[in-house]
Amino acid sequence: MARPPPPPIQTIPPPSSPSSPTSSPSKPKPKSKITEKPLPSPSPPSPTAASSSPPRPGTSGTLTALQLERLRASENLKTAARKEKTYRAKKRAATARANYLEAREHLRQAKQHFGTGVKLSVSVVKSLPYLISEKLERGKTKKEEAKRRKVMEKRRRLDEELRRVEREEREERRRSVEVEVGEGEDGSEGSVVSGSEDERETVNERKERGERYRGKGKR
């Protein structure tokens, strides 16, 4: 049961002295006595007073423990959030520094390569006449090579034709000799002379034709 609060202490003010013209200033004033009421004894209150006041609920440590746990969890959450933020900032800063160094190296190489590319491009522009001349010379060489192959093929065909004509001439000459021998045995001289003249004309025509083929090949 709760104890009732003690009554307030009442102080009695000192009496005011009447102002009299006959009073002398050197006479001391009497001191006022302060009376205090005695405190109530710490005896338990009467059952009537206890029954008149509403009952107070009983105190339990569960609520206090839960509040302390909540406060502790809140502090732990704040600490964990601060640590997480610090770790994330540290990690991102390290990554940013590494990326910065790599980007700076790439930019330096890009600048160097760009300068080299510009120099080489200027050199290529200056050498364009030589490139064109080389290309024209290459085309001319290809044309000459094709023409030479064509002439060689034509000469080969003419040589084959000439060999064929010479082979036919030899065959005709051999046949004419055989005819002359056969007619000489029979004693017909006139026919032998006419046959040899015809054979000679045929051989001369073939020679002329072979010479014409040779002339075309030389051209």
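The backbone N, Cα and C atoms fix where each Cβ goes, and this holds for glycine too.
A quick note: this is a predicted structure, and the numbers were derived from the prediction, not measured.
Summarising the annotation, TrEMBL assigns region 'Disordered' to 1-63 (among others).
Residues annotated as compositional bias 'Pro residues' in TrEMBL: 1-18.
According to TrEMBL, the feature compositional bias 'Low complexity' maps to 48-63.
The feature region 'Disordered' is assigned by TrEMBL to 72-91 (among others).
Here TrEMBL flags 72-87 (among others) as compositional bias 'Basic and acidic residues'.
Taken from TrEMBL, the feature region 'Disordered' covers 137-219 (among others).
The annotation compositional bias 'Basic and acidic residues' is assigned in TrEMBL to 137-147 (among others). Per-class residue totals from DSSP over the compositional bias 'Basic and acidic residues' (137-147), listed helix then strand then coil: 11 helix, 0 strand, 0 coil.
Under the heading compositional bias 'Basic and acidic residues', TrEMBL lists 156-178 (among others).
Taken from TrEMBL, the feature compositional bias 'Basic and acidic residues' covers 201-219 (among others).
Per DSSP, the secondary structure of the region 'Disordered' (72-91) breaks down as 20 helix, 0 strand, 0 coil.
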